[in-house]
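The structure under discussion appears below in the form of structure tokens.
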Amino acid sequence: MKKHLTIVDHPLVQHKLTLMREKSTSTASFRQLLREISLLLAYEVTRDLPITMTTVETPLMEMEAPVLKGKKLALISILRAGNGLLDGVLELIPSARVGYIGLYRDEETLQPVQYYFKVPKELENRTVIVVDPMLATGNSSAAAISLLKQAGANDIRFLCLLAAPEGVRRMEEAHPDVRIVTAALDERLNEKGYILPGLGDAGDRMFGTK
Ligand code: URA
């Protein structure tokens, strides 16, 4: 049985996350910190990727050395806040294929509504990493993963910056096969579906909107 939730408790991740939570942190710093933290989270979410051996010739001799096995990864960004995490992950895995899912949250029902879906071909043969900074109610993440499964994906991981217990439970129920990697598990959601203590609206803080 795979571990469902991984909290990346590395000091650098925790330090950067604290700076991101602070409300006086500027948009530019928030974006830069998110890019840095996403590199570290990407390292964790990919740590069990299968490898195979290949022959290389060093300047001194031939050797058998490990390389990543199999097809290219697919990174799926849940618009729009997912793009902040995507940039850093892509820096670490530049050959990954990239897809986008556009979902917005109905403010009344908190249910996800789809407006965009464009993903790489042959998802069934790829390791798929879904990126979205905030796992709040889990409704849009669970819906996005259902869409990806309908499109053939069968090896999916979910990468976020912050998770609420409600979102983790929702994902566990809907998609027990999907491992979640996050920098922190916060206390709870408020009545508007925001994570507490959280960091506010990740999209607004990243893009300087309100
Ligand atoms: N989305 C956000 O950007 N922030 C939250 O706290 C919850 C959902």
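Note: Cβ is positioned from N, Cα and C throughout, glycine not excepted.
All TrEMBL annotations are machine predictions without curation.
Summarising the annotation, TrEMBL assigns domain 'Phosphoribosyltransferase' to 8-209. The 5-phospho-alpha-D-ribose 1-diphosphate binding site annotation in TrEMBL covers ARG80, ARG105, ASP132, PRO133, MET134, LEU135, ALA136, THR137, GLY138, ASN139, SER140, ASP201. Annotation comment: TrEMBL describes ILE195, GLY200, ASP201, ALA202 as uracil binding site.
Taking the Cα atom of each, SER140 (5-phospho-alpha-D-ribose 1-diphosphate binding site) and GLY200 (uracil binding site) are about 17 angstrom apart. Within 10 Å of the C-beta of MET134 (5-phospho-alpha-D-ribose 1-diphosphate binding site) we count 27 further C-beta atoms, all protein chains included. Residues near GLY200 (uracil binding site) in space but far in sequence (CB under 8 A, at least 6 apart, same chain), listed by position: LYS23, TYR194. There are 27 other CB atoms within 10 A of the CB of ALA136 (5-phospho-alpha-D-ribose 1-diphosphate binding site), with all protein chains counted. If you measure from the Cα atom of ASP201 (uracil binding site) to that of MET134 (5-phospho-alpha-D-ribose 1-diphosphate binding site), you get 9 Å.
Proximity of the binding-site residues (ARG80, ASP132, GLY138, SER140) to ligand 1: a Cβ under 6 Å from the molecule is found for none of them. Residues listed for 5-phospho-alpha-D-ribose 1-diphosphate, ARG80, ARG105, ASP132, PRO133, MET134, LEU135, ALA136, THR137, GLY138, ASN139, SER140, ASP201, cover a largest CA to CA span of 17 Å.
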